[in-house]
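Annotated in TrEMBL:
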- HIS47: active site, proton acceptor (ACT_SITE)
- GLU74: active site, proton acceptor (ACT_SITE)
- HIS194: active site, proton donor (ACT_SITE)
- ASN11, ARG22, GLY195, GLY216, HIS217: 3-amino-2-oxopropyl phosphate binding site (BINDING)
- ASP13, HIS14, ARG49, HIS54, THR104: 1-deoxy-D-xylulose 5-phosphate binding site (BINDING)
- GLU155: site 'Transition state stabilizer' (SITE)
Amino acid sequence: MTKRHLRLGVNIDHVATIRNARGGGHPDPVRAADLAVRAGADGITAHLREDRRHISDDDIAALVETIPAPINLEMAATDEMVAIAVRHRPDAVCIVPERREERTTEGGIDVVASRDRLASVVRVLKQAGIEVTMFIEPAPAQIEAASAIEAFAVELHTGAYCNAIAGERERRRNEIAAAAALAERLGLECHAGHGLTYETVGPIAAIPQIVELNIGHFLIGEAIFCGLEASMQRMRAVMDEWRRVAVPALQS
Ligand code: PXP
């Protein structure tokens, strides 16, 4: 499962955040998705939140219809969101916890505590031909539970790693590496994301079992200064260099 090529999923939520600050249609997150794919993104990620604070239902429909790359819909495990996913059939769904008052997704979903509910969500989405990922903290019990409910993948939350100070950051990174190795042993595809920047992405890209990173806020923020294509290309270059050094002999 380990691959030399590390996929970059570009999260376009915050293009919609800027659009929604004024209402209207500009800047259009679907146009940003198209640009990102032309510039080499391996997929597009968008989070349809219960309060629709950034991405809208129409954005999801347009992304699935027009973007020639895999669409990964992040969503809470609610009946409303499951129905939307089944209607639009993105390539993948990433189940995230959601609290209305949070600024961003603050922690991973507790698969252990919500096992039965999540197992039934996985079943419904799988029947619709959608791959299901669980966005979790890098904890062995969560990975084992994700495997037990037959998720396709786990996405390891890198927020605590990114926010940690220097010495602590290495410990957090080692936790993620151990979690990725366990995920692979259990047959789960392993992704990672949240809070990644040019500075923090390298050591995560170097973990060979991780095959996809989902990055949004930093890339969109940097795009203000250098353009989306350039911010993505620089991120890609850092990812690829750390990957090349860490896993030189793997198949691409
Ligand atoms: N992965 C998941 C599951 C997320 O919820 C988010 C944030 O929406 C990201 C990745 C991207 O995080 P960031 O915007 O901090 O790069």
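Cβ atoms are placed via backbone N, Cα and C, with glycine included.
TrEMBL: automatically predicted annotations, no manual curation.
Feature annotations (TrEMBL) mapped to structure.
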{"residue": "ASP13", "record": "1-deoxy-D-xylulose 5-phosphate binding site", "contacts (Cβ under 8 Å, 6+ apart)": "PRO29, ALA46, HIS47, HIS54, ILE55, GLY216, HIS217, ILE220"}
{"residue": "HIS14", "record": "1-deoxy-D-xylulose 5-phosphate binding site", "contacts (Cβ under 8 Å, 6+ apart)": "HIS54, GLY216, HIS217, ILE220, GLY221"}
{"residue": "ARG22", "record": "3-amino-2-oxopropyl phosphate binding site", "contacts (Cβ under 8 Å, 6+ apart)": "none"}
{"residue": "ARG49", "record": "1-deoxy-D-xylulose 5-phosphate binding site", "contacts (Cβ under 8 Å, 6+ apart)": "ILE55, ALA76, GLU98"}
{"residue": "GLU155", "record": "site 'Transition state stabilizer'", "contacts (Cβ under 8 Å, 6+ apart)": "CYS94, THR133, MET134, PHE135, ILE136, HIS191, ALA192, GLY193, GLU212, ASN214"}
{"residue": "GLY195", "record": "3-amino-2-oxopropyl phosphate binding site", "contacts (Cβ under 8 Å, 6+ apart)": "THR158, GLY159, TYR161, CYS162, ASN163, HIS217, PHE218"}
Of ARG22, HIS54, HIS194, GLY195, the recorded positions with C-beta less than 6 Å from an atom of ligand 1, in sequence order, are HIS194, GLY195
Least buried of the recorded positions HIS47, HIS54, HIS194, HIS217, going by other Cβ atoms within 10 Å?
HIS217
Cβ neighbour count within 10 Å of GLY216 (3-amino-2-oxopropyl phosphate binding site)
25
Among all protein chains shown, how many Cβ atoms are found within 10 Å of the Cβ of ASN11 (3-amino-2-oxopropyl phosphate binding site), not counting that one?
28
Which whole-number value in Å describes the distance between the Cα atoms of HIS194 (active site, proton donor) and ASN11 (3-amino-2-oxopropyl phosphate binding site)?
10
Round to the nearest Å and give the CA-to-CA distance linking GLU74 (active site, proton acceptor) with ASN11 (3-amino-2-oxopropyl phosphate binding site).
10
Measure between the Cα atoms of every pair in ASN11, ARG22, GLY195, GLY216, HIS217, the residues the record assigns to 3-amino-2-oxopropyl phosphate, and report the largest value in Å, rounded to a whole number.
25
What does DSSP assign ASP13 (1-deoxy-D-xylulose 5-phosphate binding site), in three states?
helix
